[in-house]
Amino acid sequence: MDIPLPKANGHERLASLDKSMPPASPTLPSPTIRRNKSDGKLMAQDVKEARVKVIYTGGTIGMVRNDRNVLAPIPNALVRSIRKYPNIHDEDYALRRFGASASMAPLVLPIVQGVDRRVIYQITEYTPLLDSSNMTMNDWARIASDIQQSYEFFDGFVVLHGTDTLSYTASALSFMLENLGKTVIITGSQIPIFETRTDGKDNFTSALIIAGNYIIPEVCIFFGHKLMRGNRTVKVSSSALDAFDSPNVPPLARIGIDVNVDYRLIFRPCSIERFRVHLNLDENVGLLRIFPSISHSTFRAFLAPPIRGVVLQSFGSGNIPSNRTDLIDELHAASQRGVIIINCTQCPNGTVAEIYDTGKVLFDVGVIPGFDMTPEAALSKLAYVIGKEEWSLEVKKQMMQSNLRGELTSLKAAKMEDYDLVDAVARSLHLSSPQELDQLGETLFPAMINAAVAEGDPKKINNLKAYGADLSGTNHDQRTALHLACQLGNVEIVKYLLQNGVSVHVRDRYDRTPLLEAVATDSHEIIQLLINCGAHLTGSSRAVGEQLCAAAARGSMVRLMSYQYAGADLAQSDPSGRTALHVAALHGFPEVVQYVLPYFENPNEKDMLGLTALDYAERGGHASVIEALKT
C-alpha cells in the first residue's frame, strides 16, 4: 500500500524535543541522553543499557542534613550526593562510558545480579522542590508534560515524590497519560535516602531496576518491596516503612532476592494509538464523606455550583440514611443539574453494591456506583473525565463506570478458568506445586502462541488467551509474539496483538524491537501500524547510519523507505562519516541518490576521508549521478 511520507522524521522530532527540554536546575545543567545520539564513543557499547528519566519533585526521600544537622530539602543536593554513593552510582563505569564528561553525565546504577541491562539514569530536579501536601493539579500537569517531552528518549520513568499525596498523583497520572506503553513508577520514602537506616535507597534503586528492565505500561507506586497499580493504592500509615497498600488488587510485582512480576495482572492499552497526554483537569470536584446526622445545610452547600463532580463516600457497601429524604432530594437535584456523583465505600476493602435498599435509593436518583475505586482514584478520574470537553454528559457518566486504567473491578461474565490447560498438562507430567505450574505456564504458553502466530490463526490465539495465556509473554530469546508476527509480515495478526495490549517497546536478547523486525522485512504497512502505536527506533544512530549505507550499496530503495517510515534520518552518517548519499554515489545508483537527496541540508558534506558524494560519483565515472548531484 502507498504510505505518504511523514512531514518530519523521527530524528528531527527528537532533536527538537531535546533542544526544548529545560535544564534540571538553574545551577546544574541537565545531562541529556539522546535516543540516537551520534557520538560513536558514547553509544558503541557491548553492554546492554536501559535509560531511565528520574523526575525529582521533592519529598522526604531527597532530604539531606543542613548546617544545623536538620533534614531539609536542599536544591541541587540530590545529584551531588548520589555521585558520592557507590551503591547508587557506579563512577568507574561512568568514567569508561562518558570519559572526561562523567562528572556532569547521567548517573549509572551499579551492576545488579540477574538483571539484563545496566540502568543509565538522568535526574531532573524541580525548582522549587515541593512538599507533596502543596501539590496541585498544575503540578500533575507539569509531571505529565515532562514525561511527554522525554518519552522517546527513555525506556522508563521514575518520579520521586512526597508520600502524603503520592496516591493522588499516581491516580491522576494514570488517567492523564493516555495509551501509555512504558513503565512509570512513583516512589518516595519515610526516611531520606542518605540516612544510615533508610527505606529510600531500596525504593529508589528497585524503581530504577523495574523501570529500566520491565515493560509494565502503567503508572505504578513502588513502596515496601511491592510494585502496586498507582490508582489502586492508599496511604495506610504515617510512620511504617510499608506505608502504602493496594486493598483490592494484589501487587503487580514483589521484590525479594528476585523480581517476581505477575504479568497476568498488568493492565495494557488495547488501541492502536500513540502515547499522548491529557492536561485539562476540572478542579470543580470534591470528596463528601457521609457521617451520622450530617446537616442538610452542609450537604446542600457542598453540592452547590460551581461543583461539577462529587465522590460520595458512603457507609458499608454504598449506603446512606434512607430516611433522610432531604439528602436524597439534594442528590437528585444536583444530578439533574449535570453534577456527576460517584458512590464509593468508606471501607478500605470491598465494593459498592445494591444489595440493600439504601444503596438502591442512590442509584435511582442518578448516583453512579464507583465499585471498588479508592477515593483518590475516583476524585482524579472525575477531574479527568469532566475535563474531556469533547464528551457528552452521558458519555462522561458511562466512562466513570468503565474500567479505563484498571482502577475498578466491575461485574463480568464468567470466563474459562485460568490455567485449565496448564493444569491438564501438569497432571500428565505429575506436577502439582504452584511454582511448577507457573514455570510450566511460562514455558508452554509462549511456544503455543508463537505456533498460532506462525499459522496466522487469531482464533487459536484468542482461545489461548481465554485459558490464561499472557500474549505479551516472552520466549527464551525474550521475543514476544509481536516480534514474530512482524518478522512474518502478517498485518492482521499484528493488529490483533496490538489491540490486545502487546507492547511495541519490548527488546529481545539481541536488542531488537518489533519495529526493527518490520523494517528488516520491509513491511511498510506494519511499520506504520507500529509507529501509530508509539513505536520508535532505539539504539545508536551510527548503527542506523550503517544500515542506511548498506541499503544504499545494494541500491535498495525499499529498505531506505522502510527506515524513513520508521523515523530514521536518511542523512545520518555511519562511524566513518559516510552517508547513504555517499554510498549511492559511489556505486552509481541515481534513483537512490534522487530519493535521499531531499533529506540533506548539505549534500556536499564530507566523510572522514574528506570526500563528498560528488567526489565519489566523479571517481566512479557515474554521469547520471553527477548530473543529479549538480542539479
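Glycine residues also receive a Cβ, built from the backbone N, Cα and C atoms like all the rest.
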Statement: Listed by TrEMBL with T163, D164 as binding substrate, from among S132, S189, S206, is S132
Task: Within 10 Å of the Cβ of S132 (substrate binding site), how many other Cβ atoms can you find? Include all protein chains, please.
output: 19
Query: Expressed to the nearest Å, what is the distance separating T163 (substrate binding site) and T60 (active site) at their Cα atoms?
result: 8
- prompt: For T60 (active site) and S132 (substrate binding site), what Cα-Cα distance in Å is obtained after rounding to a whole number?
  reply: 9
Message: Same chain only, sequence gap of 6 or more: which residues have a CB within under 8 Å of the CB of D164 (substrate binding site)?
response: D131, S132, S133, K235
Task: For the repeat 'ANK' (477-509), could you work out the same-chain residues 6 or more beyond its ends whose Cβ comes under 8 Å from its Cβ atoms?
output: 116, 155, 181-182, 215, 217, 268-272, 446, 449-450, 453-454, 456, 458, 461, 465, 471, 515, 517-518, 520-521, 523, 525-526, 529-530, 533-535, 538
Message: For a quick check of packing: other C-beta atoms within 10 Å of the C-beta of T60 (active site), how many?
response: 24
Residue counts (helix, strand, coil, in that order) that DSSP gives for the repeat 'ANK' (510-542): 18 helix, 0 strand, 15 coil
Protein Cβ atoms within 10 Å of T163 (substrate binding site), excluding its own: 22
Query: Do you know the DSSP helix, strand and coil residue counts for the domain 'Asparaginase/glutaminase C-terminal' (284-398)?
result: 46 helix, 21 strand, 48 coil
